[in-house]
Amino acid sequence: MKYGYFDNDNREYVITRPDVPAPWTNYLGTEKFCTVISHNAGGYSFYHSPEYNRVTKFRPNFTQDRPGHYIYLRDDETGDFWSVSWQPVAKNLDDAHYEVRHGLSYSKFRCDYNGIVATKTLFVPKGEDAQVWDVEIENTSDQPRTISAFGYVEFSFSHIASDNQNHQMSLYSAGTEYNNGVLEYDLYYNTDDFLGFYYLTATFDADSYDGQRDAFLGMYRDEANPIAVANGRCSNSAQTCYNHCGALHKQFVLQPGEKVRFAVILGVGKGNGEKLRAKYQDLSQVDAAFAGIKQHWDERCAKFQVRSPNQGLDTMINAWTLYQAETCVVWSRFASFIEVGGRTGLGYRDTAQDAISVPHTNPAMTRKRLVDLLRGQVKAGYGLHLFDPDWFDPEKADVKPSKSPTVVPTPSDEDKIHGIKDTCSDDHLWIVPTILNFVKETGDLSFIDEVIPYADGGDATVYQHMMAALDFSAEYVGQTGICKGLRADWNDCLNLGGGESAMVSFLHFWALEAFLELARHRQDAAAIDKYQAMANGVREACETHLWDDNGGWYIRGLTKDGDKIGTFEQQEGKVHLESNTLAVLSGAVSQQRGEKAMDAVYEYLFSPYGLHLNAPSFATPNDDIGFVTRVYQGVKENGAIFSHPNPWAWVAEAKLGRGDRAMEFYDSLNPYNQNDIIETRVAEPYSYVQFIMGRDHQDHGRANHPWLTGTSGWAYYATTNFILGVRTGFDTLTVDPCIPAAWSGFEVTREWRGATYHISVQNPNGVSKGVQSILVNGEAVDAINAQPAGSENQVTVILG
């Protein structure tokens, strides 16, 4: 079943049926003010943190997808009313036509009902601490119409704990008042003039307003039938205490063919409402602000554009996968319809992997995240698994979060910096290849010598931080020389305790190879000697202890008693995705063993919806293996199609030179290819998800937890760097693709260090991998050297 389509010319996904089986969401805001909004205008807004500074209310996992950011319309002659988004009023779809266009950092809603066509475009202007609703109402009938418009949001009590508990305090700690066209919400306990005030205003002079939620909705009613809309007028409620909203009402008389346009502004900060109301009275300022959002993404998307025989790949890489990856870098894992704000902060491994994907489009945020992570590393070398970067930012360390009437304990230094017992064995290693990728992209080698403090005191250069990470993993190994699993590795549910993780040893090797590339560029002989010897030892340990001869693949690890996990003889958890893909991706293993391992991945783990994390799934609890054995079969870490490591398999197959297999893996997970089977997928077809139900679950193929997943960054990085093969070096650009043999070629436009490269890859011999010749601006070359900033360069690569 199909609910919409991709409009590639406008970089929009168009929803033509609003009754999709789950909320399909989008992100508005690229800086501090953010709105997570659904195709029915449900969702919530926050400033910087959805834990401390929630602007509007959200009730997760409700079937109604409410509350939200709503425009109601009422025919004042008949009393009939509806909403510009299908929800919350939900007019019969035989009578009303709705369309939603989710774009990059904006969403457009359109409703055509009973001779009135209305549109509402929501976005967050760059540089503003506010959200703008651009609303237009047109009378398409042949009669004059009197239409009332109501803008509505429900305000939050700011802190997630105040919103969801201890109402005996929060209900009596805020108030609203209406002055000069602005309905201002005062969090009275918060003395901060910025974070202590939210507002809703509009460019019209309101005929009526409400600041009390229950006055607007009415008792025993909800957002579907507010009493104020039913009556055609708000009650001008504004006072202290109880639940609060922002509701503004204006009546318009429209002649046949006449339009009216206005803006509604939702924002943060005392007095800011009047300023922005005055600014956006000139609707050309609304147009300019929206054009700024479009330009923002035009510039980012232009950094890498591909035209290939695979339309789904082009659609996702040219817009949606990059957009999702940037969203994860900015908003981490703390704001979605699943992660609803109770965990503000950065996951170490998540952020380090997110940042590998976007140094070309967002170098400033990539650099910031790297600094955040290095500040969150301790002298011993490991990273703090989950931390608030403000804790270690000297400019923000003394800034307190929004005050709350609910007692929320302030974490002590001991709470912030955990010990080995709570350390995940993989976290710190991801940052090493990400730093290398950043330096290659930007050419900013000075970053490597920048001095950054450790979380537990002292400081070191970035180069020394990288070595500390490598040294920690070299120290914490078992008797076999394989890295200890510690609390967990990348798989949080694989709790090996005193056991050993194959995945982490392969990751250690990959990080070592990345560091050695940097050390060689710096001609650091001492570091080269030390870490080359370390890498050789890791490779030997992996090949000696992790290969399963009977199965022909790499095991997942060993328990604390030395029992192997993931062998041919085992009936549960026989083959695992992480260890086998990273074995090849890292470069630690031979071509022969790599091919065998990936053949096992294909045989045991492949499905039409992507690669399973392990198979067969665990049915018998075993605490020596971990909590993964107590997860339902086919769900999440126990035999689901866990999306994040799927791109590792794409890289592995590309490194093996098997382009057809790499593309088969890519296509199976690509949400674009599931656009016509939403009855199975359920989730958005423009977003990668955390996991898809595995074959051992009755909902096999159902996608869960969209948007905030490391899948997006890895999908982008794997596709652009290894399938399409366009990779940056310290001084050169490499084009070394691995594609399906049937492809005749493809084209890429790549911006790098201010120069533009128009790359044409031609495949006259029908191969998957292997570069026969390279031309740069018509001249045969052995390598593509960095060209002058501002130059346009034609690159032709012949495969053979």
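Glycine is treated like the rest: Cβ placed from N, Cα and C.
Within 10 Å of the C-beta of R333 (N-acetyl-alpha-D-glucosamine 1-phosphate binding site) we count 23 further C-beta atoms, all protein chains included. In the three-state DSSP scheme, R333 (N-acetyl-alpha-D-glucosamine 1-phosphate binding site) is classed as coil. Among the features that Swiss-Prot reports, N-acetyl-alpha-D-glucosamine 1-phosphate binding site is placed at R333, R343, R349, D350, W490, D492, E637, H644, Q690, T709, G710, with the record citing similarity to another entry.
In the shown protein chains, 20 other C-beta atoms lie within 10 A of the C-beta of K636 (N-acetyl-D-glucosamine binding site). Residues annotated as N-acetyl-D-glucosamine binding site in Swiss-Prot, with similarity to another entry given as evidence: D492, K636, E637.
Per Swiss-Prot, active site, proton donor is recorded for D492. Secondary structure at D492 (N-acetyl-D-glucosamine binding site), taken from DSSP and collapsed to helix, strand or coil, is coil.
Distance from the CA of D492 (N-acetyl-D-glucosamine binding site) to the CA of R349 (N-acetyl-alpha-D-glucosamine 1-phosphate binding site) is 11 Å. It is E637 that, of the binding-site residues D492, E637, has its Cβ surrounded by the most other Cβ atoms within 10 Å. Under the three-state DSSP scheme, R349 (N-acetyl-alpha-D-glucosamine 1-phosphate binding site) falls in the helix class.
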